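Here is what TrEMBL says about this protein:
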type	residues	note
BINDING	His2	Ni(2+) binding site
BINDING	Cys73, Cys76, Cys89, Cys92	Zn(2+) binding site
REGION	114-138	region 'Disordered'
Amino acid sequence: MHEMSIAQSLLEIVMDESRRHGLTRVDRVRLQIGALAAVVPDALTFCFGAVAQGTVASEAVLEIETVPVVARCPLCGERFEMEDLFDRCPDCGLVPAGMDLVSGREMTLMSIEGETDEDGETDERNQGACRPQHSGSE
Ligand SMILES: [Zn+2]
């Protein structure tokens, strides 16, 4: 299943990010999916819920925004948003088969919201331990 493998790679990214930001619970994941990625948002939400079982993201809500396909006409260089895959170039009328697709296949993680343990209950392992503080980029 297409969405299942996407959900799996999405979970890996979410887990990486939540480790980096010290999240103990992920509440919300915002992502953009290109119209050409052929992802059914409901199916992805379902699959993500399945693969995220037992992780900090098990309760996370996915907010999926579908972004349009952007094509560039190789003939006249016009860039335009394709509303569907049968759109011709608005400028010269070239058929879609010849188009360079600039975007539309990708999945972009926009943001993750969640809880850190700092305003929650203290983890015992942190007491008295020297925890390196990272701020900003690494
Ligand atoms: Zn054109």
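One-based numbering along the chain as shown.
Every residue, even glycine, has its Cβ placed from backbone N, Cα and C.
TrEMBL labels come from automatic prediction, so no person has curated them.
Sequence features, as recorded in TrEMBL, placed on the structure.
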residue: His2; record: Ni(2+) binding site; contacts (Cβ under 8 Å, 6+ apart): Ala38, Val39
residue: Cys73; record: Zn(2+) binding site; contacts (Cβ under 8 Å, 6+ apart): Arg79, Phe80, Cys89, Asp91, Cys92, Leu94, Gly98, Met99, Asp100
residue: Cys76; record: Zn(2+) binding site; contacts (Cβ under 8 Å, 6+ apart): Cys89, Asp91, Cys92, Leu94
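Within the set of binding-site residues His2, Cys76, Cys92, Cys76, Cys92 have a CB atom less than 6 Å from some atom of ligand 1. Ranking the binding-site residues Cys89, Cys92 by how many other Cβ atoms lie within 10 angstroms of each Cβ puts Cys92 at the bottom.
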